[in-house]
Amino acid sequence: MSKFVIEGGTKLKGKVNIGGFKNAAVAIIPATILCQGKCIIQNVPRINDVNVLEEILTEIGADVEFLDDMSMSIDATDLHSCYLKNGLSKKIRASYYLLGAGLGRFKKASTLLPGGCAIGERPIDQHIKGFEALGAKVDITPEGRINVQADKLIGNRIYLDVVSVGATINIMLAAIYAEGKTVIENAAKEPHIVDTANFLNSMGADVKGAGTDVIKINGVKELSGCTYRVIPDQIEAGTYMIAAAATKGDIIIDDIIPKHLEPVTAKLKEMGMGIEEYGDSMRIFYERELEPVNIQTLPYPGFPTDLQQPMTVLLSSLNGESIVVEGVSEDRFKYVNEIKKMGANIDFTKKHAKIEGTNKLMGTVVQATDLRAGAALIIAGLVAEGLTEITDIYHIDRGYEHIENKFMNLGAKIRRVKEEI
Ligand SMILES: CC(=O)N[C@H]1[C@@H](OP(=O)(O)OP(=O)(O)OC[C@H]2O[C@@H](n3ccc(=O)[nH]c3=O)[C@H](O)[C@@H]2O)O[C@H](CO)[C@@H](O)[C@@H]1O
Ligand SMILES: C=C(OP(=O)(O)O)C(=O)O
């Protein structure tokens, strides 16, 4: 087990390069099994979720190798089934995409129920509704194994009862070879939906409308290999933006798509941060005392739920009151108990937090309860007085590449300490 030890009080300065988007890469990698041919995926983030997918694909028989630090070659030509035997599928959320991709390619697939961040109930009823609408039978065993199987997949019209990123992508994957046209209504519009659709189209699929709430998929007969570059991680970029604000810093964030960051940029400007955008990079700098603001997380293009936790830490380090409403995840404030140990003054329920800003957080020992909670605790540690120790940082490694090196390059005093068990 490792932990991070952070000495607070440094203003971030310098430049950080953003990696490929976790939530796009973890959809695109499973989607490669739809094609017979080799795919080269570039700008793959070096995170543990990707390592788990590499293991899963290898286990089911795909030929997977890293060509260099950020490019992955995947050839699933010789794959004959998509049955995930062991517990790897429980280690990450995105293993659910092997259901859609396996169903699409082999008309059947089997995984255990997915894992992922503990942020409340995370049902997959909309994924199942979509698979069934295409003609599949879905069975979940008492042990938590999901089996999907179809004699034939036929395009259909599917209206999602809730806007779901996972269900939108999974139905797209399952429908790629379905006979006729599939229409997903009330689809999610996140940039990774568009990226996955672009990847599928690069292999020869016919997906239109990704990025709007109606996606149309015309079934095709075959897909072939391609080379594709994953978009930059807007959640990683947003994390460094918020860290720059919290530490009163001045940094350049490189390799981004500023458009994807608009909801975050707008809030940070409203608070008083200076932001200059230049093509694929931005400078974000502290100009004047930041003002508290209210936030509500919403599906894209609203403020992303995956940045709610870092933002709550920033708000709790300011003077004044703010309200954060969680409009996407079912229960994403549990980590607040950890920042309260550092002196934050926050009342919260499952969906709502009232923050009485206190610009005095104090270092102590805290536990990363999930991926973004871990990132939020790093930011808390950077602004706190004294030393902060963050345990259970394996959650952070699921989704942030080289995080301590990137923060160290910005001047932060952070180190990873390996603990003897
Ligand atoms: C690997 C990945 O891309 N993870 C992201 C994905 O998770 P994930 O795909 O799990 O999130 P969804 O968009 O599906 O979930 C959004 C909301 O819809 C509900 N819901 C979802 C599906 C369903 O069948 N039934 C249902 O009720 C969920 O409980 C949740 O409250 O989108 C979330 C919302 O942007 C992000 O926080 C995660 O980082
Ligand atoms: C919730 C997240 O991840 P996952 O869905 O993979 O658990 C996240 O990336 O913030």
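Cβ atoms are placed via backbone N, Cα and C, with glycine included.
Keep in mind that this is a model prediction, so the values were computed, not measured.
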Given TrEMBL lists Arg122, Pro123, Ile124, Asp125, Gln126, Asp306, Val328 for UDP-N-acetyl-alpha-D-glucosamine, the same-site residue among Arg93, Arg145, Arg283, Arg288: Arg93
Neighbour tally for Cys117 (active site, proton donor), based on other Cβ positions within 10 Å of its Cβ: 21
Asn23 (phosphoenolpyruvate binding site): tally of other CB atoms within 10 A of its CB: 27
Neighbouring C-beta atoms (10 Å sphere around the C-beta of Lys22 (phosphoenolpyruvate binding site)): 26
